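These notes concern the structure reproduced below.
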Amino acid sequence: MVFPLMFILDTSRNVKASPETAEIFFQKLRNKCEFTILVTLKQAHLNSGVILSIHHLDHRYLELESSGHRNEIRLHYRSGSHRSHTEVFPYILADDKWHRLSLAISASHLILHVDCNKIYERVVEKPFMDLPLGTTFWLGQRNTAHGYFKGIMQDVQLLVCFLSSFSCPTCNDFHGLVQKIMELQDILAKTSAKLSQAEQRMNKLDQCYCERTCTMKGTTYREFESWTDGCKNCTCMNGTVQCEALICPLADCPLNSALAYVDGKCCKECQSVCVFEGRTYFEGQRETVYSSSGDCVLFECKDHKMQRIPRDSCPALNCPESQQIPLSHSCCKVCKGHDFCTEGHNCMEHSVCRNLEDRAVCSCRDGFRALREDNAYCEDIDECAEGRHYCRENTMCVNTPGSFMCVCKTGYIRIDDYSCTEHDECVTNQHNCDENALCFNTVGGHNCVCKPGYTGNGTICKAFCKDGCRNGGACIASNVCACPQGFTGPSCETDIDECSDGFVQCDSRANCINLPGWYHCECRDGYHDNGMFSPGGESCEDIDECGTGRHSCANDTVCFNLDGGYDCRCPHGKNCTGDCIHDGKIKHNGQIWVLENDRCSVCSCQNGYVMCRRMVCDCQNPTVDLFCCPECDPRLSSQCLHQSGELSYNSGDSWIQNCQQCRCLQGEVDCWPLPCPEVDCEFSVLPENECCPRCVTDPCQADTVRNDITKTCLDETNVIRFTGSSWIKHGTECTLCQCKKHGLMC
């Protein structure tokens, strides 16, 4: 995407792509991680402005800005973890000179060119370019109120591709690539072998026909197979048994036969009969007849005739004769209460055998009805479908084998087996409302509403703080902020000055320097850190200015090293001038000058010593430099509007916003990443709503693992060093080297 020549000199502008144009371009950029920004520009002195910005609400997906206040270029972007990142490149663009800038990103590889010179090359987090709808595209400003670029920009291009120049690979790079190729070939061979085996198995499976089966009473039936189960016709359908009541056919029996039940069959079949003394008997049926003398004669129906058969021998009975009962099918008697069911019966499933005085009969179980007159076969009664249940309001009837059950409707609780009442989840504490929400019972359910001072949908309520919580603070209750370490105040707006409040005791060779949210002990003038970087300044040691040549003694004086400084002494018998040497130039005794690279610092030469300090701000002086003393700027045009648009700051004021330290200078807001104390631990985590990481002991909770043993460094003697290890460089006494994740540092 190429933009035409642009002249940007003031702040009354609105250079923003239309939603339609922006969306067309975002479709090409969306989910891409290879793109290049090209721009030719000339930026005004001390201006801090945005070159290009693609953002949605408060999320900056891609923003490039140049700070003339701090002389650095910043790239803001979001990574796949949905975190905001800022890469800072120290470089002066705001010098009112023409520059050609190129920023190329390919996945996690970033290269910055200025005026065709490669300035920085870094490995960064992979940018996340899943741009949502409503994302805006700005040039020369962040929005209508902030980040105005002052100067001239032309030929602004954003190319969705990867433009970069790589140096030629080394032999080590080549051998590493060959090794990777060999590993990939090995993986490919193993994968091909596994794939071949899988294909062979698939070919065998293709020869098989798989179907679903049904199992009933221990017997397995195939799909669509039908069978008769008692008085039901059953079929296996898609692995499920489906049964219907059997309909018996109408039969026309021949002469001397009639319909009768047959053991093991549901429907009646034609059987031969006998007619004896006006009664009809079926084949095999017996009957007893008593003669005039009282003798018992036994007859059996055979071949359409009642034939006399020999009497059975009767067992002895253990009951008085008054308790003995004669049988119609036998000349023997049984005792009253005899168990006929144990002698065999034809009662099938869901039917039970019951004893009468002289025989056994079948009876359907409760909840079942007879499928034929002798109750040998029974089927379940669907009480729910036939309305034969007792379920009352707020319940649902569910049929069960031989019975039914009443199930409470959603939102109701059981009173007894047949009725339910409305369930007050709020009273019984069986609701899903947040602890900071109010529960309101409704018919069949409940509603959750966040309490005053909290926002959310009721099931999740978060505390609401009217003024917000600054500096990474978290709103934990209505208008109550929990401040991170180093900040205090109702809205966490006040930085705790650990130095002035006496919380910190630095070593005598170090000064306590307060920073937003923390502090550090900085070595005093005349001392430097020995490389151990102890937090209290114990690692500060004296600088031998005389031995290192870092003194300012003139040629006619002699340098003597002191603890924390040095002394320029005049040799005995000589009259010395007291002049100083600064930056290779002679400064006369008593001379005062302003540093060339720092317009806000003043130096003086006093008897051979160079002393420099920050310029003293006298706001009563009409010639005071407002850049060095922004607090002396009374102009309303020098005030800045807070990012939220609700507060205004005077020139020179500082504050913290979204884990960035911001400063107002002559009407411009400049923000840079908030400095955090270095966490000297193996595992660290960045808590939610906080800006700086903290140490943890559990690696599973860690966001960052400091020492990655899979990455190594080669020291000066080609010895492999693991990440995190430190050593004194061979052949030296004052050089400390460390192996870090991104390479060797000494």
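Every residue gets a Cβ built from N, Cα and C, even glycine.
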(request) With TrEMBL as the source, identify the stretch among 13-40, 181-208, 461-488, 657-684 annotated coiled coil. (result) 181-208
(message) I'd like the number of other C-beta atoms within 10 A of the C-beta of Cys475 (disulfide bond), please.
(response) 23
(message) Could you tell me the mean pLDDT the prediction assigns to the domain 'VWFC' (578-633)?
(response) 86
(request) Quick one: among the disulfide-bonded residues Cys465, Cys483, Cys492, which has the most Cβ atoms sitting within 10 Å of its own Cβ? (result) Cys492
(request) Report, as numbers and ranges, every residue of the chain located at least six residues beyond the domain 'EGF-like' (337-379) whose Cβ falls under 8 Å of a Cβ in that stretch; write 'none' if there are none. (result) 230-232, 245-246, 261, 263-264, 266, 325-328, 401-403
(message) Assess whether the domain 'VWFC' (638-696) lies in contact with the domain 'EGF-like' (422-462), where contact requires at least three Cβ pairs under 8 Å among residues 6 or more apart in sequence.
(response) no
(request) Could you state the whole-number distance in Å separating the C-alpha atoms of Cys483 (disulfide bond) and Cys475 (disulfide bond)? (result) 9
(request) Quick one: pull the CA-CA distance for Cys465 (disulfide bond) versus Cys492 (disulfide bond), whole Å only. (result) 12
